[in-house]
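Taken from TrEMBL as is:
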type     : residues                                                                       : note
DOMAIN   : B:85-417                                                                       : domain 'FAD/NAD(P)-binding'
DISULFID : B:C122-B:C127                                                                  : disulfide bond
BINDING  : B:K131, B:G197, B:T223, B:G224, B:S225, B:D402, B:M408, B:L409, B:A410, B:H411 : FAD binding site
BINDING  : B:G260, B:S261, B:G262, B:Y263, B:I264, B:G265, B:L266, B:E267, B:E283, B:G356 : NAD(+) binding site
DOMAIN   : B:436-547                                                                      : domain 'Pyridine nucleotide-disulphide oxidoreductase dimerisation'
ACT_SITE : B:H538                                                                         : active site, proton acceptor
Amino acid sequence: MAHLLNTSFIPSSQTLRRNRNFPAGVGISGRRSRAQVQAKIREIFMPALSSTMTEGKIVSWVKSEGDKLSKGESVVVVESDKADMDVETFYDGYLAAIMVEEGGVANVGSAIALLAETESEIAEAKAKANSSSSSAATPSPAPEPQPGKIAENVGSAPVTQTVKTPPVAVASTHPASEEGRRIVASPYAKKLAKELKVDLARVVGSGPLGRIVAKDVEAAASSAVEAAATATVSAAAGGAATVAPGIELGTVVPFTTMQGAVSRNMVESLSVPTFRVGYTITTDALDALYKKVKSKGVTMTALLAKATALALVKHPVVNSSCRDGQSFTYNSSINIAVAVAIDGGLITPVLQDADKVDIYSLSRKWKELVDKARAKQLQPHEYNTGTFTLSNLGMFGVDRFDAILPPGTGAIMAVGASQPTAVGTKDGRIGMKNQMQVNVTADHRVIYGADLAAFLKTLASIVEDPKDLTF
Amino acid sequence: MQSSLSLSVSPNTSLGIHRSNCNAFQSLPLKPINLRFCGLRREVLGFSALKQSDSHRVCLPTRARSKKVVSASLSDNGTPKSFDYDLLIIGAGVGGHGAALHAVEKGLKTAIVEGDVVGGTCVNRGCVPSKALLAVSGRMRELQSEHHLKALGLQVAAAGYDRQGVADHANNLASKIRNNLTNSMKALGVDILTGFGTILGPQKVKVGSSDKVVTAKNIIIATGSVPFVPKGIEVDGKTVITSDHALKLESVPDWIAIVGSGYIGLEFSDVYTALGSEVTFIEALDQLMPGFDPEIGKLAQRVLINPRKIDYHTGVFATKITPAKDGKPVTIELIDAKTKEPKDTLEVDAALIATGRAPFTQGLGLENIKVATQRGFVPVDERMRVIDSNGNLVPHLYCIGDANGKMMLAHAASAQGISVVEQVTGRDHVLNHLSIPAACFTHPEISMVGLTEPQAREKAEKEGFEVSIAKTSFKANTKALAENEGEGLAKLIYRPDNGEILGVHIFGLHAADLIHEASNAIALGTRIQDIKLAVHAHPTLSEVLDELFKSAKVSDHASSSVSDPVAV
């Protein structure tokens, strides 16, 4: 076993071989943005160092950002469930951005760093690393969403991570902090805040002399999840998953905070003049693609979100909203919110920049968001920055339904199940095709029937010829 | 000295001398002394240890304490002079105690002067009570680690502790060891003189404030050290404390800043975090645990610092620390260690000053013999002989332990004391400090002996030899895995050309107990090619070292003194 720790050791030939056997695009996936400029930025991902390894911890980065790497060189030391091993790069290039810091943990297959082919691409890769947050449950600071993005977003809940917001407002209440110039938090509180991604500047301390202690951070983190209810909500998905056993019949049970918020939002939605447009989309090609990429962790939700986002790129008006009854607000990013039923409520985790982030990252991000939602650890910017909402009841066999528009957004799409259907084809034959029905609810003040129709046509063409989804 | 494993060396020459010495004073046979506290055993002292112990076997039963004065004067080479004692030791800490015991064993009439309590820092305010606290913290840690317990299939309801009970355990342990120490010396006939010792002149010491003057043929200064408190720091003993206070565990603060991340600071961080405190380290150097091998330090930080409720500021000095009063917390002003610019102010519940220890040599009367201390330390040569301000050796005066600053460890002091006794009884001896192990009793423990990797590489460059590194992980050790404590690393720094062990560093379960195989090998000059053939019981943690030695690559032409394992 000693040999495992020799520094120049290469993980294991078995692992290497396995990685190389992966179809291109999984291990180190070439990333192409829509602008076609990032072809040479590759991901370095968490390798599977043993058959039982599901996640790995970064022991140390042998190289630092900006270092030149040559093929076969050790880049990072990873601790698996078995031992510490050096991981080498398969490509020449520059270590552009480290996405999981030392001590951080990342799931096998998730990106831990970006590799730029030339020096000039380092900055670009760094930007990329910032915008696509890694899926790692890492203690490193979470990539901050760009302030501009948030400023244009509609969420009514406090936006915690804007750079523009000075932390002074709340911190001034700490007597121990010299009139708010400093944040006084205990070591564990700081650690927790980093883990739970709580902004200490917005936490009121209850410790000695107003010091922020661990329980304040925990309270702040859980209230953030409760506040989730004030976020956008789509009604349709609500009831389906929540008929829980153990309900005592004949009793009156008050709303939870989240349910109360849902109720308020639903009532508020009545003030918006909405209309609906439906479309039937053939999904054979999408299903085939899904089958192919499923093993790489790609989910149907991510595929749908990606397809929707790509369609929205061409129809910015469908991604807009009406806030004051007098203007269009064209959102700068395409953030797809996806309704998720959780434990007596409903929340809409947001896939930010779904048009730009590649499908693999998007799938990982989705998994991370769902895990967080389950653990009630979603941060406000992760559930209230959606610009377009998806609600999918297809998995329950629902073939069509109607969604209520969440206040503050322009449109929501209800997705039904994809089912084998006998259809007449253009060449006059009858054949079986998988088809699904989608139904978009939109705010008619900004989005008109023709807009939706054009959008749905684009969406249908993307879904029916989905090669762009995985680029 | 590659013949160290061979038992065939006949110690005839030295044996003869010792035997005659011993037999000359037959009376009052005493039992062999087995009491050692924080001390080294004499066998590790030098390369000729086996010869020495052989001769002891003859001498031990015939040691006597009468007629010592005669022997002392007889041996004084023709200038007969009467001394009260053969050997007078100032300071009854672990160093003084080790020296006294060995002196008695060697047949010297010995007295020890103590102005405070027997046992010194180690027993009363250092290693001993801290081990009691660490024993508690280790168990608390285990009981609190749900994950760890679950993996073992254990279910334990919430663990709690009673602070006073923990404090009492530490205090009781200290007094028990103190009594053992006192009794062991009394039983051997060491005179314990109470009062502070002041050197009046050569071979002359005043004890206490009385006019009692004692003469001795040889004098050992073993006055030890006190916690070092940098200026600007106000210690009140309640909220700003040193290890002296912390060991009494009068309170467990919610948040304590520990200034200094060496052994003392690390051990206390282990205790405090296990008892529920949060800790902030303040370290002047750029990285935590500066004294450790960098690789071990890095791993230790991953295990002992990062996952715990600890944060840290490195590269900063605490220039001013004000105790809590009038409802205000303890405030700590930090400046950048390099630019000296103010960096931060911390408000915490308590601060522990663990910035090292300062020698306790004031009032010793060193000026009477023209010795000038250097930053408080008594200058000595490699034989612990005191050097005066002109650079000359002061005859019959030695200084051991923290007071000389060579290696501030209890067992190093004891080893130095034994080395001095060897010299005054006619056997030249130089202690190899590189063979003295050190340990930090965190959970898991850290231990080391010899050089760190950077030190070894520097030496190798200077002297033109090659350095190799071998490492083994606790993750592959059966016993460690059985305990579910696979986190750990053992690292061997050696010369591949001749198999010499330059240093061994261990981080892992019971590392402090494991290091002695390596330190003994260094002390005895055992080479890797020899020790790798030794057998270790399976399954034991010691197999980590077995693996370590076996994984070292020593060049084939390096000679081996043991070609085949021989049953003896």
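Backbone N, Cα and C define each Cβ position, glycine as well.
Whatever TrEMBL says is automated annotation, not expert-curated.
Farthest C-alpha pair in the FAD-binding residues B:K131, B:G197, B:T223, B:G224, B:S225, B:D402, B:M408, B:L409, B:A410, B:H411: 30 Å apart. Cβ neighbour density within 10 Å is lowest for B:H538 among the recorded positions B:K131, B:H538.
Counting only residues at least six positions away in the same chain, the Cβ atoms of B:S225, B:R357, B:G401, B:D402 sit under 8 Å from the Cβ of B:M408 (FAD binding site).
Ranked by CA distance from B:G262 (NAD(+) binding site), the recorded positions B:C122, B:C127, B:K131, B:T223, B:H538 have B:C127 at the top as the closest. Taking CA atoms as the reference points, B:K131 (FAD binding site) and B:C122 (disulfide bond) are 10 Å apart. Considering only the recorded positions B:C127, B:T223, B:A410, B:H538, B:I264 (NAD(+) binding site) has B:C127 as its nearest partner by CA-CA distance.
Take B:G260, B:S261, B:G262, B:Y263, B:I264, B:G265, B:L266, B:E267, B:E283, B:G356, the residues named in the record as contacts for NAD(+): the widest Cα to Cα gap among them comes to 15 Å. Neighbour counts were taken as the number of other C-beta atoms within 10 angstroms of each residue's C-beta; across the binding-site residues B:G260, B:G262, the minimum falls on B:G262. With helix defined as DSSP H, G or I and strand as E or B, the domain 'Pyridine nucleotide-disulphide oxidoreductase dimerisation' (B:436-547) counts 42 helix, 29 strand, 41 coil. In the three-state DSSP scheme, B:M408 (FAD binding site) falls into the coil class. Across the structure, B:G260 (NAD(+) binding site) and B:C127 (disulfide bond) are spaced 17 Å apart at their Cα atoms. Looking only at the recorded positions B:C122, B:C127, B:T223, B:A410, the one with its C-alpha closest to B:L266 (NAD(+) binding site) is B:C127.
Annotation note: B:C122 (disulfide bond) sits in a helical segment as assigned by DSSP. Taking the Cα of B:T223 (FAD binding site) as the reference point, the closest of the recorded positions B:C122, B:C127, B:E283, B:H538 is B:C122. Ranking the recorded positions B:C122, B:C127, B:L266, B:A410 by the number of CB atoms within 10 A of their own CB puts B:C122 at the top.
Cα to Cα, B:E283 (NAD(+) binding site) and B:H538 (active site, proton acceptor) are separated by 41 Å. Fewest other C-beta atoms within 10 angstroms, among the binding-site residues B:T223, B:S225, are seen around B:S225. Taking the centroid of the Cβ atoms of B:G260, B:S261, B:G262, B:Y263, B:I264, B:G265, B:L266, B:E267, B:E283, B:G356 as the NAD(+) site, the other same-chain residues with Cβ within 8 Å of it are B:I258, B:F268, B:M289, B:A354.
Over all protein chains present, the Cβ of B:I264 (NAD(+) binding site) has 23 other Cβ atoms lying within 10 Å.
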